[in-house]
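These features come from Swiss-Prot:
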- Asn44: N-linked glycosylation site (CARBOHYD)
- Asn62: N-linked glycosylation site (CARBOHYD)
- Asn146: N-linked glycosylation site (CARBOHYD)
- 1-23: signal peptide (SIGNAL)
- 24-259: topological domain 'Extracellular' (TOPO_DOM)
- 281-327: topological domain 'Cytoplasmic' (TOPO_DOM)
- 260-280: transmembrane segment (TRANSMEM)
Amino acid sequence: MEGGLSAPLSVRLLLFIALPAAGWLTTNAPRPPSTAPQNGIQINVTTLSKSGEESEEQVVLNITYERGQVYVNDLPVNSGVTRISCQTLIVKSENLEKLEEKHYFGIVTVRILVLERPVTYSASSQLIVIQGEVVEIDGRQAQQKNVTEIDILVKNQRVLRYSSYFLPLEESMLYSISQDSDILFTLPDFSKKGTVSSLQTTSHYLMGNVETTVDGNALPGKLPETPLRAEPPSSYKVMCQWMEKLRKALCRFWSSVVPVLFMFLDVMVVGVLGAAGVIAVLKLLFPVCENKGILQVDKMNGISVPIILYPDGSEKTAQKLTDKTDI
């Protein structure tokens with residue numbers, strides 16, 4: 001009887017686990033709301049509607065690092081402050097008393113700061129710091145109190161550690177950088193995972209505030225190229241790029257030289273102090289009885305000889321003395 005009862009119980013447990021999963025697969029019912037992705041961040045913002053009502057919303061961004069490139073929602077972001085507009089998941093709190101949430105996708109304008117810092121204890125490692133600030137949500141101004149900062153420790157383009165924490169917006173580096181220097185990202189539908197079709201003719205570039213257009217010539221059998229946006233050649237930009245490369249080279253050089261220099265100084269200091277200590281101990285254990293190289297006058301036998309000194313230039317007195325001795 002016990003074996004007959006245990007079999008239906010196990011079947012019931014199996015059906016209890018399998019039926020909800022089968023229902024999610026066969027029906028169009030959405031899955032339970034999940035948290036941010038593994039490499040994602042949640043930014044709490046406050047938006048103001050046209051009627052003047054404030055609403056609390058949460059923007060979910062997926063930030064990844066792959067082969068030396070930082071991606072925000074699959075959009076490539078370079079070092080500096082980049083302003084991008086992309087579609088992302090937004091969680092809106094409709095009823096605070098019942099804790100009701102509404103999930104939808106909207107167009108979000110975000111400022112992303114990416115900094116690359118060398119690590120002192122390893123020349124091949126670097127720390128990538130990422131900060132994000134939401135500017136607009138579907139054309140509505142957004143405000144936030146805190147900034148989520150992500151620190152990615154990378155060695156040879158391989159992620160070693162991924163950490164994130166919150167800090168006040170006024171204390172962040174992103175807040176201190178003027179929005180006029182932001183790099184504008186054009187054509188936000190570009191994705192690193194998407195395939196470019198044969199009829200797609202528009203290219204995607206990271207653009208600055210000053211933009212020019214370059215006309216493309218149509219090839220036989222293909223659609224004409226859309227005018228491309230490009231930055232005019234500038235000696236200042238080339239100089240900045242060269243200085244940035246020089247700065248990175250100097251950082252790598254000093255990160256490899258400074259540890260060796262400190263090790264050398266440690267060896268020198270320890271050697272000098274150790275030698276002084278050994279000499280002091282030897283002096284205490286084996287003191288010197290007498291000093292060598294000093295003539296001892298007590299042990300010498302001497303005979304005193306009288307010496308008569310004559311004044312200089314007195315020949316007459318000398319002759320008188322000789323005469324007296326003759327008499």
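The backbone N, Cα and C atoms fix where each Cβ goes, glycine too.
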Rounded Cα separation (Å) that holds between Asn146 (N-linked glycosylation site) and Asn62 (N-linked glycosylation site): 18
Pairwise CA distance, Asn44 (N-linked glycosylation site) versus Asn62 (N-linked glycosylation site), rounded so that it is a whole Å: 15
Within the predicted model, mean pLDDT of the topological domain 'Extracellular' (24-259): 73
